[in-house]
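Engineer: Below is the structure I would like to discuss, written out as structure tokens.
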Number of protein chains: 4
Amino acid sequence: LRRSTSYFILAVMCPSLSSAASYTDSSDDETSPRDKQQKNSKGSSDFCVKNIKQAEFGRREIEIAEQEMPALMALRKRAQGEKPLAGAKIVGCTHITAQTAVLMETLGALGAQCRWAACNIYSTLNEVAAALAESGFPVFAWKGESEDDFWWCIDRCVNVEGWQPNMILDDGGDLTHWIYKKYPNMFKKIKGIVEESVTGVHRLYQLSKAGKLCVPAMNVNDSVTKQKFDNLYCCRESILDGLKRTTDMMFGGKQVVVCGYGEVGKGCCAALKAMGSIVYVTEIDPICALQACMDGFRLVKLNEVIRQVDIVITCTGNKNVVTREHLDRMKNSCIVCNMGHSNTEIDVASLRTPELTWERVRSQVDHVIWPDGKRIVLLAEGRLLNLSCSTVPTFVLSITATTQALALIELYNAPEGRYKQDVYLLPKKMDEYVASLHLPTFDAHLTELTDEQAKYLGLNKNGPFKPNYYRCWLGAACSSLGGGGGGDTAAYICACVRISSKLSV
Amino acid sequence: LRRSTSYFILAVMCPSLSSAASYTDSSDDETSPRDKQQKNSKGSSDFCVKNIKQAEFGRREIEIAEQEMPALMALRKRAQGEKPLAGAKIVGCTHITAQTAVLMETLGALGAQCRWAACNIYSTLNEVAAALAESGFPVFAWKGESEDDFWWCIDRCVNVEGWQPNMILDDGGDLTHWIYKKYPNMFKKIKGIVEESVTGVHRLYQLSKAGKLCVPAMNVNDSVTKQKFDNLYCCRESILDGLKRTTDMMFGGKQVVVCGYGEVGKGCCAALKAMGSIVYVTEIDPICALQACMDGFRLVKLNEVIRQVDIVITCTGNKNVVTREHLDRMKNSCIVCNMGHSNTEIDVASLRTPELTWERVRSQVDHVIWPDGKRIVLLAEGRLLNLSCSTVPTFVLSITATTQALALIELYNAPEGRYKQDVYLLPKKMDEYVASLHLPTFDAHLTELTDEQAKYLGLNKNGPFKPNYYRCWLGAACSSLGGGGGGDTAAYICACVRISSKLSV
Amino acid sequence: LRRSTSYFILAVMCPSLSSAASYTDSSDDETSPRDKQQKNSKGSSDFCVKNIKQAEFGRREIEIAEQEMPALMALRKRAQGEKPLAGAKIVGCTHITAQTAVLMETLGALGAQCRWAACNIYSTLNEVAAALAESGFPVFAWKGESEDDFWWCIDRCVNVEGWQPNMILDDGGDLTHWIYKKYPNMFKKIKGIVEESVTGVHRLYQLSKAGKLCVPAMNVNDSVTKQKFDNLYCCRESILDGLKRTTDMMFGGKQVVVCGYGEVGKGCCAALKAMGSIVYVTEIDPICALQACMDGFRLVKLNEVIRQVDIVITCTGNKNVVTREHLDRMKNSCIVCNMGHSNTEIDVASLRTPELTWERVRSQVDHVIWPDGKRIVLLAEGRLLNLSCSTVPTFVLSITATTQALALIELYNAPEGRYKQDVYLLPKKMDEYVASLHLPTFDAHLTELTDEQAKYLGLNKNGPFKPNYYRCWLGAACSSLGGGGGGDTAAYICACVRISSKLSV
Amino acid sequence: LRRSTSYFILAVMCPSLSSAASYTDSSDDETSPRDKQQKNSKGSSDFCVKNIKQAEFGRREIEIAEQEMPALMALRKRAQGEKPLAGAKIVGCTHITAQTAVLMETLGALGAQCRWAACNIYSTLNEVAAALAESGFPVFAWKGESEDDFWWCIDRCVNVEGWQPNMILDDGGDLTHWIYKKYPNMFKKIKGIVEESVTGVHRLYQLSKAGKLCVPAMNVNDSVTKQKFDNLYCCRESILDGLKRTTDMMFGGKQVVVCGYGEVGKGCCAALKAMGSIVYVTEIDPICALQACMDGFRLVKLNEVIRQVDIVITCTGNKNVVTREHLDRMKNSCIVCNMGHSNTEIDVASLRTPELTWERVRSQVDHVIWPDGKRIVLLAEGRLLNLSCSTVPTFVLSITATTQALALIELYNAPEGRYKQDVYLLPKKMDEYVASLHLPTFDAHLTELTDEQAKYLGLNKNGPFKPNYYRCWLGAACSSLGGGGGGDTAAYICACVRISSKLSV
């Protein structure tokens, strides 16, 4: 059921993110939240969370997150005058974390009413949910929902008397799916859908292809700013973090092979090179291959180096990049992990054979032991290392949340006709706006064009500075992560060029 | 007249490229080549060069160049079986250097007949022209042509009895222009134009816009491989080379401001940071600005740092980025130079005032002296530093020449209907082929997709691995170099997306 | 009492190192090990550990560590023929971890008998101690000793009937101190002391100065190989790891000031620069300052940047480098931490005032909150970040352990007269030997001098390749870490020059 | 005769340094300066230069140099009050360049009288010599002296009626040698010798060893600041510059092997890695080898990679590191060059065999051609690349010149007994002073110790901050450059430890 591809899943696995949990778990009872009678301090009981008494702990987490989400706080400030979301009734289904709470409270400050469920049965931070409920948000989510709970929570968000949503914020497409299935008439009032995840976007494009998408949808997953941060910059740091937290290894002098030289691969290679590793690259695309050469990496076939490397990292979006045959030939103690999009890059299934022994040595770390005693160190069972074994900086989440907020504002306020029943990317100008809202974090000062210069360049002084198709600049990333631009996967990426056109590539 | 934007112009200015000249100049007489009677050793006099006796010197230069142009040599090898240019009659107008000679002789090996003129009145290497003439190429070019000579040479290439070109290879558009003006009927037999320069491409798009383009044209300037090498990789090296050759400065510890963080700016920043300079960046586009931040550069307005920096480098494509006011505030000995596309980035004209003294201290280096004794070190009078003060590695020229050769092959062999009377980019697959031909130089081994993987990714095993629009990935480059994607300049870049569509952005 | 300066202390604080603990704690009872009757499977009860039944868990940890300590394993292999420690009776007092276990079992394989106590009341890994006891090592140590327990354990190691130590391996000097105080006659049979820690070395030099050192002692703390790894290479990685594990922050674009540009500062600066941070440096020594400039860092006074930076890192060895005044001026959310030797670099005491609120947000992370709401993020209360908040790679511990083993071998086998009653550094050649034992880890192939070359250089083909004083090359490190070479601290470092001379600088 | 090891030799070979020559050569006649009657504008004829009329050109070069030698200019400013060299009569023998002129005029400003000859028969810049003569310095030097001229000029400096030197500034030891041989009594009045070159220092140590050194001598070649700049920082830039100027090659993707990982090797490796080359390292010393590993370079034997690399760079100080056998196995177009101290690192002599053809393709670039057509590109015939093919930044020369000036001041003003008849290194504090004088160039702000901190560290607030032996920190450099610290070469480097002791290692 849960194909969640979004970052928040890590909250489930990574103790550091759910640090708050520690002081609350002990007080938790076994009663299902659905069976509890809870009220917040203002007397409302329009919510369902684990324990409303944890609100104070959650509030502190939210306050800390606020400090690192300056863009949303800036939007709130601007909202003191105008309320761009006045009248908006937003139903949301996302991971429920401190960062989401900052987003929700920002939407509230911009004038919206919100109702919220969790998009993952494990990822809710109970105390954050409690804090939101306490401050008046109808939140229906807790950590450890059953599948039945999951849909019950979603239903409680949309199936309300006297309240009908006019905007959807979704992460994974389950909320959208539920409304399509149960309350199709609701779409008459809905102005648009904002979708965050690869999976959800994929579903929307399929709807569009089938002619069934009946409102405009905004794909925020593929905005330039978000993509660049999710891939190059975030991976540059998380590859180191993920390897350290799981193995405590020293990077200096280690031989590493990185499969795939898209944005993710580029980030991994740059970081490891900087830490003194010797990095080899494999590629299928001669253009990326030539870039790897010029950046100082030896381009090899995996077979050529598999016996000598200390670490194998996949970031291709492809399947079976590391096969059992490769695994058989690796040297003792070789570390194998995946930074790419797909869980199939390493053929982990091939290791589930009787002659190999699996030994779980730490959370997320397995030793797979060959009959001759050779051990391979497999991280996160081949799932995404950075989601499983490191944390995502709030700064990256801030970019995502700001993009979501702006997409909601755009769809809600767009004059009729601007968007049709199709899947759109955030207009370039708003993407630039997200970026500009994050510059003050770095005390960065943007230069303004003079009138004369703007005229010379044929640009508006306030942007957009790049044409809409500029996002294909991310092609490098999708080629490695999204499958080289082929097939259906590529189809909706193509949409970045033929914005809002039907999919007929 | 000569707006030549191509690299070879440097041959005029940079002694190291025209090294061969030294042993020939002394023997040169003052007679115009047009007035000379010369024959090559086979008795042909269908050429006009400075001195056919210099052929041997030129041959050595060509042989050296051959060693660094493996892709063309590989094409020649393949041509032993098939002659993809059999029957092609190519008229060319480019800089005439050893690298061009390798290209011409490759075209010959592929089956083509060629006639050639120079696209620049200064850039011809006389001994190379002689070597080509000696081996039977009708070449009409010498260093130091008059404007009249220039057009006479072009005319001698096309206006031949019993020979009519069916392909054009142009660099700057003058040859194309001449045929349009003088021999429009010739286009009936012409299968296509391959154009190398920004200027020439611009002219073609104007023709297309005006509905006057009567054959397909291939814009090889904007191919991914060429662009990436011309900008990021080449500039990363040439910024250091250009500064060293002109000023012998030490980079370590120097404070530098780089205006513009497109591909060129990124290359300059990376190189200087690696050499121990402290680099500041200015940008107008928040997305590029955020990238600069994440790459570790302080983003400032020029005014904030202008008093303290040791070097100012422009790479914006914009005009008046460095104004007289900035120049007035720079500290003594500050070096100012331009790596961007336009000659107008530094307002050099504003320095031509009576109170300032200009002192030429070396070739390409001027001291501009303020009344109080302050000196600014201006390089190449604000023209492109890397063209004026460094050399272009043969490897980069090899990529360009291979792209030209493949574009000629493609246009010549394309089935009727594939290309209309419009401006095209090199198909992605051929761009990838250019890249793959250069991989052996690095002993780089490309991985091949398995059948299963190709199916999974929805790709052909031999590529293309990226969709055609992938080249917009160069958006970053054009935004800095080509003017931010705005106006007419942007128009034909947009064409990379809507390939072969009319220009109506 | 416990001044422990050694790395293992982190085992106490850092959950990832003591991961094994999780599955054993629950079974632990409250009975003091001193009151338990335990026997290993061979019937011996000459040990005192928490729970001998945990031996199997500990054995697995030891086996994993063996894989990353190739140098000790190589020594074992060589020991199959010769037993360089045959007859050695070593009493040891160190942290008891898997890596120590590998060392102890190596000493055993080399022929030595060992008895061991812990040098820290918290750092013992109980299951490792159990595994050692099970395989016959008389180990007296558990996690959570009282001070009385601590000395009781040490005494049980040395006060044995029919067994008298002839070698001491100490970490902190407590074991040495105990023997001096309680059993001074024992020194008659003792051939030498090997001391690992700064504190212990300091005590030895004081003994030497006072004329009371009655056996040779080897200072392994200051060997070149160990120092270079403990400082430059290890800190390059642990600064990133320590910051990530505590704060999950993103490095890209962050402004950081690093106080001190010795080896530790160099490592921190290089790593953060590589991750895209903007780094400022403060220094007192103009030579280090000039190096910082040439390496591309702006050299500032702390006051100049204190208001703007996101992170402050001290690595000076000095005191009060970050004062309350600096802390008052930092911006909200500024992170403050210490990578240097001393705990006094940040004036943490000055933050213990009534108007400031301390809030512990995670293990090792405090928010100090000003009346206006400003929060400073203080890591590890100003103690060493890399010891408190990151792990030390086994590879670094391997270098330390190998150095200790070689020092024991050298002192035990040295012909009479080679070493007097003084403090020595490991001979250069043995330092080189430690390095060479670690090269195979990197598949690194050393070049051998030809006879002719050795003669030309005046070197023995097998080294030493550098003169003994070469270790002062670490001067840069000690200047930052050890106090700039002044005072008593410097005194014994000076000894690296005047090896084995009295301290009279 | 001329073993000159100093940088200035490049002036002979490198057109950019002797740029001024161009506008003067044409006016030069063939008359020997010794036969000319010349007077400066004040009527003095106590000099002998090529052409006094070139003084104005030389003055401009000197003025430009002054701008980049801030430390000497700062010394001049201070000299307005005190004249630390009042009464000093300095005889000098160095390269005569603009930078030397700035030094000489600074010595004059500090109170000294100077007489000067050239230490190299080719390196004198005639117009600079003229400018010095014009402003009253008795200079005896011109470009293209015969050997007889050379000694005649030196003699004219010392053999003067009514003037006897009391200080010697030498570069190579010829002046010192001449006085020893011809005017040994002169040493009675001489307070000291300052020697700049490796060769000269070697000669002084031999004198010292033989008991014949009769005055104190200061070895400024081995000062920390000078060494660090001459090696690590300068080579980091000059390896790129030297390769570019000679070959115009692209660094990206090239495979390079660097022999030797001392300071020079470290600089070369870092620079090439940063430019995208793939770098291999060879080493004989396991400690340097381990550093190479940790810095991310594969450590290999030359044989393992010799067939595949594009560039071979030697920086070992050793002989026959690259043998004919290696050269035979290199691939076509492989570039071979030397950055180390010795000219014997590449066995160039072995290439002088009949079956190989040498072809000079550019200045400093030879193609050596094998019978099968394979070409090796040999740079500078195996001599030091950075001296032959790149320029030395004035900043580096500024450090050298300042060190010389301070050494002269120290020796001249030292109280009797501080220095005996031995070879000394510049006191640490003065070395730090040289560094501090260069910090303002970088707008670098040094932190001052508080009284409390100075006390804590046991340091004087004004330094020295490192003990005198600190300079052995350069051991890494000398191991690569000076022959691994062995034999006679090492002997005088050892002196850095046992300062002013006799050589008996």
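Any Cβ shown, glycine's included, is placed from N, Cα and C.
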Engineer: Determine which of C:Glu145, C:Glu195, C:Glu196 appears in TrEMBL for the same substrate site as C:Thr97, C:Asp171, C:Lys226, C:Asp230.
Structural biologist: C:Glu196
Engineer: Same NAD(+) site as C:Gly262, C:Glu263, C:Val264, C:Gly265, C:Lys266, C:Gly267, C:Glu283 according to TrEMBL: which of C:Asn159, C:Asn166, C:Asn386, C:Asn413?
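Structural biologist: TrEMBL names C:Asn386 for this NAD(+) site.
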Engineer: If you count the C-beta atoms lying within 10 Å of each candidate's C-beta, which of the binding-site residues C:Glu263, C:Glu283 ends up with the smallest number?
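Structural biologist: Among the binding-site residues C:Glu263, C:Glu283, the sparsest Cβ neighbourhood within 10 Å belongs to C:Glu263.
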Engineer: Please give me the CB contact count at 10 A for C:Gly265 (NAD(+) binding site), counting all chains in the structure.
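Structural biologist: Step by step: centre on the Cβ of C:Gly265 (NAD(+) binding site), count other Cβ atoms within 10 Å, giving 34.
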Engineer: C-alpha of C:Lys226 (substrate binding site) to C-alpha of C:Lys266 (NAD(+) binding site): distance in Å?
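Structural biologist: With distance taken Cα to Cα, C:Lys266 (NAD(+) binding site) is 17 Å from C:Lys226 (substrate binding site).
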Engineer: Among all protein chains shown, how many Cβ atoms are found within 10 Å of the Cβ of C:Gly267 (NAD(+) binding site), not counting that one?
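Structural biologist: C:Gly267 (NAD(+) binding site) is surrounded by 24 other Cβ atoms within 10 Å.
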Engineer: With CB distance below 8 Å as the criterion, list the binding-site residues among C:Glu196, C:Asp230, C:Gly265, C:Lys266, C:Glu283, C:Asn386 that sit near chain D.
Structural biologist: C:Glu283
Engineer: Which whole-number value in Å describes the distance between the Cα atoms of C:Asn386 (NAD(+) binding site) and C:Glu196 (substrate binding site)?
Structural biologist: 18
Engineer: Could you state, as a whole number of Å, the largest distance between Cα atoms of any two of C:Thr97, C:Asp171, C:Glu196, C:Lys226, C:Asp230, the listed substrate binders?
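Structural biologist: Binding-site diameter by Cα atoms for substrate: 19 Å.
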Engineer: For NAD(+), with binders C:Gly262, C:Glu263, C:Val264, C:Gly265, C:Lys266, C:Gly267, C:Glu283, C:Asn386, what's the maximum Cα separation in whole Å?
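Structural biologist: Max Cα-Cα spread across the NAD(+) binders: 21 Å.
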Engineer: Let me know the model's mean pLDDT on the domain 'S-adenosyl-L-homocysteine hydrolase NAD binding' (C:231-392).
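Structural biologist: Taking every residue in the domain 'S-adenosyl-L-homocysteine hydrolase NAD binding' (C:231-392) and averaging pLDDT yields 93.
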Engineer: Among C:Lys226, C:Lys266, all listed as binding-site residues, which has the most CB atoms within 10 Å of its CB?
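Structural biologist: Checking each of C:Lys226, C:Lys266, the winner is C:Lys266.
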Engineer: Of the binding-site residues C:Val264, C:Gly265, C:Glu283, which sits closest to C:Glu196 (substrate binding site) by Cα distance?
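Structural biologist: Comparing Cα positions, the candidate nearest C:Glu196 (substrate binding site) turns out to be C:Val264.
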Engineer: Should any of the binding-site residues C:Thr97, C:Asp171, C:Asp230 have a Cα within 10 Å of the Cα of C:Val264 (NAD(+) binding site), which are they?
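Structural biologist: Candidates kept after distance check: C:Asp230.
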Engineer: Going by DSSP, give the three-state secondary structure for C:Thr97 (substrate binding site).
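Structural biologist: The three-state answer is coil.
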Engineer: Could you say whether, by DSSP, C:Gly262 (NAD(+) binding site) belongs to a helix, a strand or a coil region?
Structural biologist: coil
Engineer: Compared by Cα position, which of the binding-site residues C:Thr97, C:Asp171, C:Asp230 is the closest one to C:Glu263 (NAD(+) binding site)?
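Structural biologist: Of the binding-site residues C:Thr97, C:Asp171, C:Asp230, C:Asp230 has its Cα closest to that of C:Glu263 (NAD(+) binding site).
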Engineer: Let me check the 10 A CB neighbour count of C:Thr97 (substrate binding site). How many other CB atoms are there?
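Structural biologist: Looking across every protein chain shown, the total is 26.
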